[in-house]
Each structure stands twice: as structure tokens, then as C-alpha cells.
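K.L.:
After the C-alpha cells below, expect a handful of questions from me.
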Amino acid sequence: MFTPQRNRWPETDRKGKAIAFSDEIITPPPQRVLLREDDDWQKFKEVGLLDEASLERKDRDALIEKILKLEKELFDYQHNMGLLLIEKKQWTSTNNELQQAYDEAMEMLKREKTSNAITLNEADKREENLRKALIDEKQFVAELENDLKYWQREHSVVKSTSEAKLEEANALVIGMKEKALEVDRERAIAEEKFSVMNRKSSELERKLKEVETREKVHQREHLSLVTEREAHEAVFYKQREDLQEWEKKLTLEEDRLSEVKRSINHREERVMENERTIEKKEKILENLQQKISVAKSELTEKEESIKIKLNDISLKEKDFEAMKAKVDIKEKELHEFEENLIEREQMEIGKLLDDQKAVLDSRRREFEMELEQMRRSLDEELEGKKAEIEQLQVEISHKEEKLAKREAALEKKEEGVKKKEKDLDARLKTVKEKEKALKAEEKKLHMENERLLEDKECLRKLKDEIEEIGTETTKQESRIREEHESLRITKEERVEFLRLQSELKQQIDKVKQEEELLLKEREELKQDKERFEKEWEALDKKRANITREQNEVAEENEKLRNLQISEKHRLKREEMTSRDNLKRELDGVKMQKESFEADMEDLEMQKRNLDMEFQRQEEAGERDFNERARTYEKRSQEELDNINYTKKLAQREMEEMQYEKLALEREREQISVRKKLLKEQEAEMHKDITELDVLRSSLKEKRKEFICERERFLVFLEKLKSCSSCGEITENFVLSDLRLPDVEDGDKRFGKQKLKAEEALNISPSAENSKRTSLLGKIASKLLSISPIGKTDKVTDLGITVKLPESSQPDDSLDRVSGEDHEPSATEQSFTDSRIQEGPEGSLQSEMKSDKPRRGRGRGRGRGKSVRGRSQATKAVSRDSKPSDGETPRKRQREQTSRITESEQAAGDSDEGVDSITTGGRRKKRQIAVPVSQTPGQTRYQLRRHRNVGTEEDKAQASKGATEKQERVNDDIRKVPSPKETRTPPEGENRENGKAEVLVETVTHEEIVTVETETVFKVNNTGKNPVEDPQLEVGGSGEIREHGEEDDENISMIEEENEGEEEEETERQGNDASIGKKIWVFFTT
């Protein structure tokens, strides 16, 4: 309980959270009576409860530190709020952009669906007309169907396995640290394997050089086949009319297919962009979750710190209460001590007075008895004086009793005041509103204290009066003594009187000394009381300060609790908002995924429809399909076994994940390199467009010259009619076939083609980075390249021959797809002139394709191919070998007829081919299987994603080759020759002046690449006479190329040795046997 608050306690100094006390106030040392309380006073000094300045200073420092900490926390919260608002704005903007992109994608999908429905209806109408063309295409389509199904199955399996792997990877992340050393070792092993792969690439280059030597051997053999080709060219003229009709239909189909390809490419690009944005969002969501977890951890730490502070405050409060209890106990002890002192004073004063009275009475009686006889008069006076003295003593005793009563009343009042103080303390703790009443009571107590002080002053005055009475008694005694001296007394009486006087003096001195001692003790007690009252007032002040601090601490605690509650609510709101945003974004992502899956399902439905159409025409190729299905089933079973085995081995899967990460990094580097190449290719495409403009202007002039050449050719035909051997062939010509199309029609078609090229430049090349785009591009390009109708659209009749760089010729000879079986002669010049605009574009596409470094693309990553690749290769050879063995004699006849007239009409071809290259340049191989309506970024500039990026030296060689090619094209401008000079030279001249370039057909256990040969003769730089191999039927080279790319990931050294042995066998048989026999030998091996 507290004492009354007379004055507030002084504030104590604080150091941090604890309370430190100083001992600056020097209390006066207690007297003899308070020696036992010395320890208590020393404890007060040590604790520092009496130091006001230090307590105030420490409280201020502690409060300032708290305020600074709270301000810092507020600034941090404000900063975090600002960051969260900025992030929210960014997310809203990104969400709007994604919504816009999604709406655009849905609109495009609707448009594409309608266009696809229209194209399907038209395709149903033209189904009867296209059955003949689809006989050669259905084999490739069947393989593509199997590929698509296989990829779909692989996609589903990969999805399931990827999900399982992700779950297992999340479980195995904990053990990643332990496996870091093993990963480093495996890196070293991978580097060793990389060195081995480099060594193998050097071996492949050596083998490519050997292939070049084989090409030379096949060129020599090709000269022997020229005569056979002339016989086949006659059959070609009969098919010309059918091809013209097919061409008109296929041009429309090609345009529509090109539009479908572009739409598919756009769609796939958007899908890839959506996937990338989804990945970025997932990363951002992970970062946000990490930030939220960090903020939660910080909040938990702050809560713990606040709890610690509250615990410290509670401990301090307990210590303060204990100190209060000690102070109350000491106050009670002091009150008891004061009461004991007062009682002792009263007892001693009473005893002294009684003793003095008794002594004085006895002595006075004796003195009176002795003096009665001598001095009766004096006795009477003395008795009167004694009576007066007794009255005075009675009055003094009455006054002392009154003083004792007053002191008892004051003590009672003090006890009542203490009780009131206790009540007030209880009321202060319970009710704050009663502070005013307590202040009023405190004023009353102050008044009562003042009254007590006034009573004490009255007691002092009474004591002064007692002293005055004592002085008067001494004076009266002196008077009595004088009167006694005045009396005549005998000597004995004088002696006795003197003795009595001395005794009285001694007794009076003793009484005075005792009174002085009592006065001194009273003064000391008064001083002690004053000191105690001062200390009590100081304690009251400190108590008031402590109560004020407690109130402030309670307010601060309430504020902190309110802040905590508000911050918790705010964090909960932010968490709710962030969760809502995350849910919305996840819903958006799910919607995008669902839309993407719906798009894929639509594409799959379209593919299934196409599959149903193509399955009607699969009766002829069931055997090949069954064999390949068996091989695919075996391979799928093996892969399923491998997958089950890999599931059991979690460590290997983690290693594969790491290797995949490295591969992704390499792919990123490849993508950066490809972007640079695409920029260069865009610049080249702009240059090509300008060149096409120049070519268009030059072709107008050349058509006029070609009309003159046509007239010369007609004169030449009239001369040949007289010949017995050539008359029948020349009679089949129709003059209407040699009509040239109008120049305006050519200009219009050239303008359309130019617009297509410009649109191709604006399409972003990111779609070529995905495997899906490459597959779709392969499907479209091969459908056009394999069909016999599309073969008439090639621009090889222009005679553009540009020699490839030496570094890329072997690769092109192995990788390039042979897309045509014949070389159109000059008699079908009217047919080729209608499409003469498409020639430069195709030539430039073949140039860019030949300039790409492809070393290690089909064979660099490993000669070991899977069973699936082998079966496809062998089937392609079987298809190629059938027409060479005589199953398609009609084609052979056509090639012979075309070969007869080709040498006769070479002048027109050479003239037109030379003029078509306005920029000049060296001649190159004939364009092979390059459709005019190509999708941008597919095969024209070789924008397809490479499996392995070439070194910097290969890139430098490729760029150098491109620049050299451009310089050669700018320097070569040829003259118009006469028809006579274009005849086929003899065999010796062909070997000396001409150049025979042969694409070698190589057959291994893994793949078969059939290549079309072509001989280009130069006669005094005035013309060329291309001669084509009639026995090479091209139907599956594109398939083998693609399957080679798909299956070149499995490396086996055993199959590499088998391939080397088979190449040696081809070299042995190359000089003796024909191409058909070689194919049969390779097929049997």
C-alpha cells in the first residue's frame, strides 16, 4: 500500500531496459538510537530511489529509444506497403496485357476454325482429283501419322513422368547438397565425352571427304546414264498436259496450305510465348511467396521482441511492488520507533519529576522543621512560596498531560491518515477518475500536517515557558538564599545551610543536565522527523513518477497492442489480397492452359480427320506400315522398360535433370546465336527482294528476246521434221503450248510473291525454336516436295547454277532432299514462264540452305540410330528401288523423251538461266524440292533449330561463304548463245569443260539418304545442259532425313563400324554395277 502523495517522486535514470540507481543524495547519519537502521539507509543509497535526476534522464533515454525504434518500424512498413502497391500495379498491367493477348488468340482461333472448315470442305470436293497425286504421298503420310501418334504417346508419357519426376525432385532436393561432389565428377566425365565427340566429329569430316571422292566416281557413272535419260524424256511430253491441269489446282492448294502453315506457326509462337509468360509468372509467384515468408518471419521476430519487452516490464513492475512493500515495512518500523521514543520520553520525564518532587519535599520539610523555630515568619513565606511552586508544578504536569494527550491524538490522526493513504492507493489502482478526490484529500492531509506543525510549535512554546518558570524558580531560590544570608545564623547553621545549598546546587545541576540531554534528544528527534518527512515527500514524488511511468507504460503497451492488432489485420488483409491475386492469376493460367489444350485438341481433331482421309488410301502400304508398327512397338516397349528402370533409380534422374539444365543453357546460347543469324538473314531477305525487283524488270526484256529464240526454235523444229528419227517426236509438239503468258499476268503474280516475302520478314522467328513448329513445317514441305504435281513448280528450268562452298557441299549432298525426277525441257517453256517469278526466290532459298553449316546435324551426334530409323530407311530404299527395277516404265519413257529434247532446246534454257541471275555469280547445283509457297522461316533460310550449334570457326566460314557467293553472283553475266552451240558435247568435253556433281546414295543400318545427281556442262561459258539420272526415284529421302534427326540421339560404336563396312562395299561395287543394282545390294545387306 502507498503512503499519501505529498510530492511526486523524482524520475530515475534508465540504461536501456533495466533501471539503474545512483547514490548522489547524501542522507545525514543517524544518531545513537538509529544505528541499527544504518543498513536500510545504505540500501536506499545503493538502489538509488532517492536520485530524481538520474531516474528522469534514464526514463527519457529509454522513451527516446522506443520512439526511434517505433519510427523505424513505421518507415519499414510504409516502404513495404509502397513496394506492394507498385507490384500490384505491375501485376494488374500484366494481367490486362495477358487478357488482351488471350482475346486476340481466341479471335484468331475462331477465324482459323472457320478457314479450316472451309478448306476441309474444299478438300473433300477435290478428293477425287487428288487421289492420283496422293498415291506417292500416302506412304509419307502414314509415317507421319505414326510419328504424330508416337509423339502424342510420348507427350502423355513425358507429362506423367515429368509430374512424377517433379514430385520426386522436390523430395530429393534435400539430398542435392550431398550429391554435389558426384555431380562435379560427372561433369569431368561429360567433358571427356565432349572431347570424344569432337574427335568423332573430326572422323566424320574425314569420312565426308571420302564421300566427296565417291561423288566423283558416281559422276563418271552418271555420264553413262545420259543416253537412257534421253529415252525417258519422250514420255515426259505426254504427261505435260496433265501436269498443267494439276499445276493450276495445286497452286491454289499450295497457297491455302501456306496460309494454314502461317496460321499454325503464329499459333505455335503464341503458345510458346504463353508458356514463357507462365513460367515467368511462376517464378515471380515463388519470389512473392519467399518475400511473404520473410515478412512473416520478421513479424514473428518482432512479436517475440515485444513479448520479451512486456515480460521485462512485468518483471520491473514486480520489482517495483517489492520495493514498495519494503518501503512500507520500513515506514511502519519508523512509526513504531517514534512511538517508543515518545513513550520513553514521557516515562523518563515523569520519573525525574517524581524523584525531584520527592527529594524537594523531604528536604523542604526537614528545612522547615529546622527553621520553624528560628524563623516562623520565613516559614510562612516559604510555605506560601512552596504552595505557589506546587501550583506551578501542577500546572506544568497538567500541561504535560495535555501535550501527551495531543501527541496521542496526533498519532491516532497519523494512523487514520495512513489508513486513508492505503484506501487512496487502492482507489488509485482501481479507479483513475478518483484522482481529483485524492488530490483534495492530499490537500486536507497537508492542512493536517500544518496543524501538527503548529501543535509542535505550541509544544515548543510550552517548553519555553517551562524553562522560564525554571529560571524564575532559580531566581526565587537566589532570593531565598539572599534572605537566608541576610538572616543571622549561627556557624553550624551556616555550615549546614551551605552544605544543603551545595547539595541543592548539585541536584539542580543534575536536573539541568538531564533537561539539556532531553532537549538535545528532542531536537535530534525533531531533526530525524524532518529528515524522514523530507525523505517521505521524496518517496511520494518518486511514487507519483513511478505511477505516471506505469500509466505511460500501460498506454504504450496498449498502443503496441493496438499496433500489433492493426498490423495483424493489415497483414491478414494483404495476405488475403495476395492470395486472391494469386488465385486469380492461377485461374488465368489454368484458363490459358485449358485454352491451349483446347487448341491442341482442335489440332489433334484436324489431324485425326486428315488421318481418316489418308487411312482410306493406305491399302497399298499396309506391309510397310505393319513392319514399322512392329518396330515402333518394340521401341516403345524398350522405352517403357527404360522408363520403369529410370523410375527406380532416383539418383540417375537427378543427374539427368542436371544435364538437362546444362542443355537448356546451351540451347539459350544457341538461341542467342540464332537470333543474330536471323537478323543477318532478314537483311539478306531485304536484299533478295530488291534483287527480285531488278529481276522482274530484266525478265520483261528477256521475254522479248525469248520470243525471238522461240521463233528460231520453231524453225529448228521444222528442220527436224524432215529427219526420220526425230520427226515423230517433233510432230507431237503443239504451237499453243509454246505461248508465253502475258507480261501483266507475270507482274501481278510477282507482286503477290513479293508481298508474301515481305510478310515472311515480319514474322518473328521464335517459332522455329520449338520442335512442334519444325514437325509441322516438315509435314507441309514434304507433302509438297514429294507430290509429282508440285515437281513442275520448281524453277530449275531457269538454269541458275551457283557452286556451293566446299565446306558445305558434302553436308548438302547428304542432307538435301531430292524433290524431282525430271528436268523440264524448252518445249514446256510456256509452262515455266508463267511461274518465272518464283525462280529467284527458290534459288536464293537453296543458296541460304546450302550456306548453313550442317556438319554433325544428321550424323555428328552419333551414327547409332534406333530400330525405328532403320526400318524407315529400308522402306525408303525399297520404294526407291521399285521404279528403277521396272515397276514404273511410264516415268522412264517420259524422262527419255525429255532427255531427247533437252539437248536440243538448251539454248533457250541457258539464255533464260543466265539472264535470270542479274547480279551474277558462279553456277550452283539445281534447286531440289523447294516449294515456292514456303512458310517464312522454314527451309528458305534454314531457320530450323539445329541440334548442335557449330563452332565459331564454322560460323565464320559460313558467313565468309555467303559473302563470297554474293560477290560471285554480282560478277557473272552471260551472253545469249545460239541453238547450235547448246548441243550435248561429247563425253570427253564433258569431262574436261563440264562439272558433274553427284549426291551419293548411302545406305546403313541406321538411315538411307537418296540423292539426285545432276551434271552441268559449260561450253565456252555460253550455256548449260543439265542431265539427270533417270533411275533415282526420290520418295523417301525427306522422311529419312527427318527420322535421322529424330533418332540421332542414341550413340553406338558398333553401328558406326557396320556403317563403315557398308560404305566400303559401296565403293567396291560403285565402278561395276548400276545405281539400281547398288540399291538392291544395300537393301539386302
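Cβ atoms here come from the backbone N, Cα and C positions, even for glycine.
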K.L.:
Under Swiss-Prot, which of the candidate ranges 404-411, 692-699, 780-787 is annotated motif 'Nuclear localization signal'?
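P.N.:
In Swiss-Prot, residues 404-411 carry the label motif 'Nuclear localization signal'.
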K.L.:
Of the residues Ser93, Ser843, Ser916, which is given the phosphoserine tag by Swiss-Prot?
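P.N.:
Record annotation (Swiss-Prot, phosphoserine): Ser843.
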K.L.:
Swiss-Prot tags one of Ser224, Ser766, Ser910 as phosphoserine; which one?
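P.N.:
Swiss-Prot annotates phosphoserine at Ser910; the rest carry no such entry.
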K.L.:
Select, from Lys88, Lys179, Lys661, Lys778, the one residue given the annotation ubiquitin cross-link by Swiss-Prot.
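P.N.:
Annotated as ubiquitin cross-link in Swiss-Prot: Lys661.
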K.L.:
From the set Lys45, Lys318, Lys541, which residue is assigned the annotation ubiquitin cross-link by Swiss-Prot?
P.N.:
Lys318
K.L.:
Would you kindly list the residues that approach the motif 'Nuclear localization signal' (404-411) from elsewhere in its chain, counting only those six or more residues past its ends and only Cβ-Cβ distances under 8 Å?
P.N.:
339, 342, 346, 452, 455, 459
K.L.:
Using DSSP, how many residues in the motif 'Nuclear localization signal' (404-411) fall into helix, strand and coil?
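P.N.:
Split into helix, strand and coil, the motif 'Nuclear localization signal' (404-411) gives 8 helix, 0 strand, 0 coil.
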K.L.:
May I ask which residues of the same chain, at least 6 positions away in sequence, place their Cβ under 8 angstroms from the Cβ of Lys318 (ubiquitin cross-link)?
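P.N.:
Sequence-distant Cβ neighbours: none.
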